[in-house]
């Protein structure tokens, strides 16, 4: 046998060095179980924390919305918009779970939405016929049949408040003076934004529907897309009309 020299490390030393390098990597893999996207969701911009913070000045003081688990795509932001709609138009993209408020200069404010069964029942063009702060709510007959234990007790109506499914604000869509029964409203279930849900029309975070309510007057045009979609974009990408 040959003696190990300084220029020829023993197999044992090589194995120890290999394990010393490999072990921290293996331990890190065991500790970090979240995907990069999940980790990114928890690094919340302070501007968003303020945006979705409490509203103590409301007639029903509104608590902060927990956005720690929200996909950033569904947080309010301004994006590029190259569609043909006039500024002031609301465009609802049910497929992508986004609502756009078109602004001047090829820009739009994009809001995340949740879409209920009623929200998928109508598409086309309408106008905001009326608006309401902390609206009352009456479930439809279909809602009562679908969830009798939850909705049956409110067949006579429910006053506005923190427990009301319409949330802090509601925009009622009309077509030629006729109520379409289509609503854009807040929610008591912020986790549902970005999702398809069992009931309701188009829901936004309460802080977002307050923002939208303050920006759009009665008479504002609305376009609701069903089965078509705008491009899913980030700040510097284009949104083009696909209809």
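Please read every residue number as a count from 1 along the shown chain.
Note that Cβ sites are derived from N, Cα and C of the backbone, with glycine treated the same way.
Among the features that TrEMBL reports, active site, proton donor/acceptor is placed at 185. All protein chains shown were included, and the count of other CB atoms within 10 Å of the CB of residue 185 (active site, proton donor/acceptor) stands at 24.
Here TrEMBL flags 201 as active site, nucleophile.
Among the features that TrEMBL reports, domain 'L,D-TPase catalytic' is placed at 88-225.
The signal peptide annotation in TrEMBL covers 1-28.
Here residue 185 (active site, proton donor/acceptor) is positioned 8 angstrom away from residue 201 (active site, nucleophile), judged by their C-alpha atoms. DSSP assignment over the domain 'L,D-TPase catalytic' (88-225) gives 29 helix, 53 strand, 56 coil.
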